Amino acid sequence: MPQSQQSHRKDEHVSLAEKYFHGEQANAFDQVRIRHDALPETAVADVDLATTVGQWHWDSPLYIEAMTGGSQRTGEINARLGRIAAACGLPIATGSQSVAIKDPQVAPTFATMRDHNPNGLIFGNLGAGHPLSAAQTAIAMLQADALELHLNVVQEIVMPEGDRDFHWLTNISDLVQALTVPVIVKEVGFGISRPTMQQLYAAGVRYLDLGGHGGTNFVDIENRRRANRDMAYLHDFGLTTVESLLGVQNRPDDLTVLAAGGVRQPLDILKALMLGADAVGMAGTVLHALLHHTDDEVIAMLTDWQSQLKRLFALVGVTRVDQFKSSRIQDKILLSPELVNYKQSIKD
């Protein structure tokens, strides 16, 4: 059976995400430094990475962010991701299931993640404009523990065949009220501003995934698919993950914030947690590792990251995630002049 246009696009996305992956490329996390205090008065043995994230208890403040699904190749990737997440004890999100709503024959390319991770925390994923019936189908497909609704206006604008109507807020509110699992509203690499956070909170959303600029760039990916490749000027459009974190500081206590976008190594995770993230996600870095290494090697990498993170906690004098909120730790954050100016521009 010939591959559908949407399934082909999923394969293109994976290939282009890898083509444009630059793991050590500078991003906004480099504009955040941590004041070193030579007497942290901690021990690595005392560090506990376990934390409460919304209604869940996680073994560490890490998760594997949404990537792919919808074709034979991406189904194989999802099976591997399921195994890796299970072995590491990490929550994981699938890529957009929209293609499987239109073509149920590709649903197994998503369900395989649950098949290989029967007891893990798995998030489904749909565009924010989908109706309740589609959301329920997406959840059932994965026996999902939550549903991500992605906001991807910039991607759609650049995508040759993308949507052109972005009236989503009422639908998001309706889905939050109707669904029996938590709804996580996420960006796909262009960040979430404070005004957007306020709109979503008023609509009933209690889980945000900031999905900031700095990692996988869907402007680059979709522009490559355009005949004239004529929208490259949007390459730097959007808010970085760091800017998004600054924008949602001093938020309501019952709003859980996940941060992803440009996470390259454990130090970026530490910085995101210090800036207020409840948990931190990785996509491009994991995909790159998966495409070039065995499952066991990726598992070893992620396990080592968790071990390194414990040492970084001790380095800054922290033994639990909730201690990052203390003024003692917040005083260690050193922002670049550019970030200081941005923070001062944020209005409540």
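Glycine residues also receive a Cβ, built from the backbone N, Cα and C atoms like all the rest.
A quick note: this is a predicted structure, and the numbers were derived from the prediction, not measured.
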Exercise for the section: May I ask you to find which of Ser96, Ser98, Ser326 Swiss-Prot records for the FMN site already listed with Ala66, Met67, Thr68, Asn125, Lys186, Thr216, Gly262, Val263, Arg264, Ala283, Gly284? Expected result: Ser96
Exercise for the section: Write down the Cα-Cα distance for Thr68 (FMN binding site) and Gln155 (substrate binding site), rounded and given in Å. Expected result: 15
Exercise for the section: In whole Å, could you give the widest CA to CA gap in the FMN site formed by Ala66, Met67, Thr68, Ser96, Asn125, Lys186, Thr216, Gly262, Val263, Arg264, Ala283, Gly284? Expected result: 23
